[in-house]
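Trainee: Provided herewith is a single structure, encoded as structure tokens, for subsequent inquiry.
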Amino acid sequence: MTELNELRRQLQLSHQRVLIWVSGEAGWCREQLKGPLSMWLQGRGVLVGRDSIAGIPAFEARQVSALLGQTLDFAVVDAFAGFNPNTFGQLCGAVEGGGCVVLLTPSPDEWVRYADPEYAALCVEPYRPDQLRGQYLAHLVRVLGSADERVYWPQAGAPVLPFLPGVEAAGVGVPPCRSQDQVAAVEQVLETAEKRQSPLVLSADRGRGKSAALGIAAARLLQAGKRVVVTAFSREAIGSLLERVEVLAPEVVEQLDYYRPDELLQADVRADLLLVDEAAAIPTPLLSRLLERYPRAVFATTLHGYEGNGQGFALRFLQQLRNRYPRCREYRLYTPIRWSAPDPLERLSHRMLLLDVDVGDLTDTEGEPAVVRLTQADLAQNTEQLRQLFGLLVLAHYRTTPGDLRILLDSPNMRVYQISTRGVPVACALVAEEGPLPVELAQSVWQGRRRPRGHLLPQTLIAQEGWLEAAPWRALRIVRIAVHPSMRERGIGRRVLQSIEQEARAEGVDYLGASFAASEALLGFWQRSGFCPVRLGEQRDPVAGTHALLVLKALTARVEDWLPQAQCWYRRSVLQRVPGTLRDLEAERLPALLRMTVRERVVPLATMQRLRGFSEAQRSLESSLLPLCDLIEASVQDWDDWQLSVSDQRLLCDRILRQLPPAAVVEPAGKKAQLARLRLLCGLLLLRLSAKSPSIP
């Protein structure tokens, strides 16, 4: 094994990394870790698998995220215990130059047919793991088999060594920076802290020291007495940033404040500089709101990462920044910190996980969109088509991860649609088949004793809303619709929904549905497409900052007959929860959330008379709360159409539905002014209701 030892020496000199693919029977593969490969497994390392081998500490795939921010000398992935794409990507980003990732698998032919333990997480009722066809593993085998950057060691032969590209020259940084790129990035961040209306966007592939640059800059600013606030989708995502501050400025590290995006928008926090790490994982509307509040801000994003992909961020948010802030700046770090470029492991792992997909600008896309349904087998065998489709998903959604590629190829209940114009893919849709649920299972779900994997729509309707009648219904859930950014606002999303609906009706599917974070834009899209809301979640999405909304569209008579009572229940549920579990719901969201819902009853004559008494200053607010609640329930869905201002909507919601004291309401200030405005609004809403429904006296 002299060649392997010589390769290791070369990699340590060049500071490059390599994948070692060991293929054969499980016992033989694991034995190589104790023998010929033991020299490679020195220093800090982990093994992802069931049991420790050769003294290497073992972790389950779900535990690896706890290692984020740490660096490793090597990592071993025992694919006999399952191959998790997100975990593999995390490990590839953690190994330093001179190190390796060892992948243990069955032989290529056997691996494609192997009963991967990860299949259990992909199966939904009534599918079994042995029914999955290994399309994702076939993709991996094809990529690994054609690669020349890896060591391939089959049980039946000698190791096949890789081709090592020459290392590119890179400038050395000034400590604590480790590259000239990082020096420049730190200077850019410090400059942003001194300028208003001049936001900075830092971008880089993994391993370039982007987060560390934020930490170095934050340490200097904190030592200078500045207030620095950090936000990211999770605290784990800022591990590298925090580590730099702890090392460089331990005396002020406690002054560095971290908030989730939704928490920061709700808190009254002053900052001389806002650092947004992994900005691609945060929805664009939330980033815009953060920038409005904090004009000195840095947005850092990973361009190709397992946490989410930055390409869509670059297209969507950067354009907004350039339009609103002409002095906005962009800086990209190219030089790797943890390894030397070009790096064999980085190149190969990007192809395996499709982290390198790039969908370019579209030209000559006029024409009627054509919608086709693709099979998972076709996608697994057509690398170019798979790259195009996954590239669209990456561009369109901030949380697309390598694990989504496996769901796309292996989930047995997943349908894939592609939309093309003139043969060019411009959009795609992922659709999950859900329901029916067997009677006994549905009863257990209704009683809260079972939570089978998958079937989000029927389970939510049964377990959360109590609609046991949904059990025998077949559904198609639209998991994701991805449209190329340059093709939006052309009706392509509605066009694909029409095709899915047409196919579903022909198959006897009972309803279409979707669940999403209820932003204004998304809510409008689904309502224009004929979908009705039936459940609003109580918890805000910690990243998107909005509540989850479940919408559906009836396709059969039995669901159409049921839908009015479901809408009525939904409407009452939302209004009843506004003072309690939905107390953080913005009043101005209510009209859109309740549009297209069914009112249970009209306002009675006696209630109308009491309301007129309040509006004409004869009755007190306290004695009029009940009829005023009825007035809000009868009119809230029309507030936007009647051009009721946001401050008026908040006043009605806060003083009537939530019954907050006058001091807790910002506008108008003071009890007298609020009461006068409420009387005026009561009279206005009565007038509007009478004009809308002449039968109302």
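Here, residue 1 is simply the first one shown, and the rest follow in order.
Backbone N, Cα and C define each Cβ position, glycine as well.
Keep in mind that what you see is a predicted model, and the values were worked out from it rather than measured.
Look at TrEMBL and you will find Q182, R338 tagged as ATP binding site. As annotated by TrEMBL, domain 'N-acetyltransferase' applies to 369-558. The acetyl-CoA binding site annotation in TrEMBL covers I481, A482, V483, R528.
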Trainee: Check the binding-site residues R338, R528 for other C-beta atoms within 10 angstroms of each C-beta and report the one with the most.
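Mentor: That would be R338, with the most Cβ atoms nearby.
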Trainee: Measuring Cα to Cα, how many angstrom lie between V483 (acetyl-CoA binding site) and R338 (ATP binding site)?
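Mentor: A Cα-Cα distance of 35 Å.
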Trainee: DSSP on A482 (acetyl-CoA binding site), three-state: which is it?
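Mentor: The residue in question, A482 (acetyl-CoA binding site), is strand (DSSP, three-state).
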Trainee: Taking the Cβ of Q182 (ATP binding site) as the centre, how many other Cβ atoms fall within a 10 Å radius?
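Mentor: By my count, 23.
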Trainee: Could you tell me the C-alpha distance between I481 (acetyl-CoA binding site) and R338 (ATP binding site) in angstrom, no decimals?
Mentor: 36
Trainee: Using DSSP reduced to three states, classify R338 (ATP binding site) as helix, strand or coil.
Mentor: coil
Trainee: Suppose we draw a 10 Å sphere around the Cβ of V483 (acetyl-CoA binding site). How many other Cβ atoms does it contain, all chains included?
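Mentor: The answer is 22.
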Trainee: Along the domain 'N-acetyltransferase' (369-558), what average pLDDT does this model show?
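Mentor: That stretch averages a pLDDT of 91.
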